[in-house]
Ligand code: ADP
């Protein structure tokens, strides 16, 4: 059920391959597997077991039993928090191996995985561990005839489905609040990146969580994912992924009226006004679209620049991309941008680049594959100018290191352009005018607005979208609302 792996950085570990159900790794019922591919070398890393609908049923039964079992149900919030703190400590102790797996399986730079992604997991667990004994109901004073109070109770079994762009962090964002509130979980990982969270599963057991509280499975979306969403004993579905899949999940979850949280796609604008600090705007514009190989749902992929600073901004941004976006082996310290996660994503990004060219935009930088030693799903960081709002590269989520720059004349035009999208996840704006900054922030239709930065999200601050970018919030105190019911209790004091 495990295989010994060694990464190019010399790190060795025992990689679990099974479905983690009831604190044990097991085979899938028909022993089906799928391979995980290293996007840097295009070679197979190993194959993992892929859950069938029957396996999902087994995992849900384990979670349901654990939900009712005293070993979990009777724990106080303080005790649940202690388990989560222990898990956070184990994640920190295993940071190097987790960052290595993430780099190998996803293609993200090792240094980023080690200094940003793994610490985020521990931070999220610690943050919600702190809430576990501080998240309770109210006494509502309605006069002496009635004593009324509310209790926050867990929802039950949560089916959680995550994507491949941040395998560790997306899992932590979902597990943290769910466990804090006393739920049990069946977490389905993304097919493209099945490995790092299986290693975390070992740590879940080591931390002392009772069997069945956290179940972690791999499987195909249409098979295992759909079975989880439709399962009658799953009380809640939390999903992060594409808008198209989010809509399907919403439909499937409606059959049993499940509580849902969805975090889906985006085409986030970044607006630069004439009075902005242009160098600052260019720095954050680079971070906002080129980090994580451009595979970020909140990536600020549309740069809207006011006419007066357009030329200056474009020159400054171009220089940043040329200087900072070093493409290469993700295990190299100097690498900023690794490969796209899969061949399919690589081809998808190149397809969008081709459409930009065909629709008449100008390729100012990149616009082509960038294989390393003839291998890997690398795409040159790509900047388009002469973009029209009707072009696909301006309207559709590319999910790669590819940005479209457009100019505008007035604040009103900027707001119209920013809001002219079916999405509403993030937005950024750059200005030195304090009043305008807050005014425009309110006008932009998005779940999150960054003023004079981009994509510096924080686990203490709510994350989520409006319009077709999602339903509900993760992170921060708001993230707790997705994982408990408020039960009202009325006591007749005249009885
Ligand atoms: P992408 O297109 O980037 O692969 P998806 O939204 O399709 O993103 O996938 C995100 C997650 O949703 C993955 O874990 C995937 O397996 C899962 N998934 C895909 N299709 C379905 C489905 N029909 N039902 C449930 N889960 C699904």
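Glycine is treated like the rest: Cβ placed from N, Cα and C.
Small disclaimer: the values here were computed from a predicted structure and weren't measured.
The annotation domain 'Aldehyde dehydrogenase' is assigned in TrEMBL to 25-489. What TrEMBL lists as active site is 263.
Over all protein chains present, the Cβ of residue 263 (active site) has 28 other Cβ atoms lying within 10 Å. Across the domain 'Aldehyde dehydrogenase' (25-489), the model assigns an average pLDDT of 98. Reduced to three states, the DSSP call for residue 263 (active site) is strand.
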